[in-house]
Structures are given as C-alpha cells and as structure tokens.
Amino acid sequence: MADLPGYMRACLQSGKLALLAILVSGGIVLQILACALYNNWWPMLTVLMYVFLPLPLLFFAGSDSSALFSESDNSWVNASKFLTGATTVGSIAIPAILTHAGVIGWEALVMELSSFFIFVIAIMCYIRMNADDEYSSL
C-alpha cells in the first residue's frame, strides 16, 4: 500500500470510514426497528450491554488493544477480558431470555441478534483498520 499515491490512500481511508459508518448505522437501525415494529421497547435493554461493553477495556486494559489478543500475565488485562466476554454473552442472552419469557417475539429476537452481529463486524473492521494504519485514529 506504500506504493500507492497519496490521493488513493486517502480515498481508501475514506471508504473504510464510510463502511464503518454504514455498519454502525445499520446496527442502530435494526436495534430500533426490533422495538418499533412490534411496539415493544424491552429489547432496548441490550443497549445497556453495548454501553457497558467497552468499559472494562477502558478501565483495566488502557489504550493497548494488542494486549487483548495475546497471552498475558497481567491480572488486570485478564479481568478485562473476562468482563468483556461476560458483557458480550449478556448482549446475546438478554434478547434470548426475553423471548423465552414471552416478553418479545421471535422476529424481534432475530432483529436484535442481527444487530449484534453487525456491531461485531463493525468492531472487527475497526480493529483491522487500526492495525493496518501507520497512525492511530485515537
């Protein structure tokens, strides 16, 4: 990629950012549609898990995102991995529990889970995009 002219690299960066924006917007739209189409706002509980998801990483792992993908002896990094995993499982479990209890329908569950997976794809693309950059966007 270093042999490309500057305007081509800028165009590719803009395209990557546009893809991330489209993915996150699509996830938000599916989240809201899961509630609005069926006139039941209980699936919005999942948004709490989306808010709590990055907090262990911010508090315990710091800004070093490479620590999440490597073997670590640091107990704080291991605690952040555990809490992030628990929050991720919670964001899948909340709609499943609500469906099992009969609070929301199966259609809302499918929309919630597809919203979650779109967010996961956006996060993976963001991590990959930061790994490829010669500069960090944070």
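Quick reminder: no glycine exception, Cβ is built from N, Cα and C everywhere.
So that you can see what the record holds, here are the features copied from TrEMBL:
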type     : residues : note
TRANSMEM : 17-41    : transmembrane segment
TRANSMEM : 47-70    : transmembrane segment
TRANSMEM : 82-103   : transmembrane segment
TRANSMEM : 109-127  : transmembrane segment
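Note on the transmembrane segment (17-41): residues 47, 103-105, 107-108, 111-112, 114-116, 118-119, 121-122, 125-126, 129 of its chain, located 6 or more positions outside it, place their CB under 8 angstroms from a CB of the stretch. Within the same chain, residues 40, 42-43, 45-46, 49-50, 52-53, 55-57, 60, 68, 109, 112-113, 116 sit at least 6 positions outside the transmembrane segment (82-103) and bring their C-beta atoms closer than 8 Å to a C-beta of that stretch.
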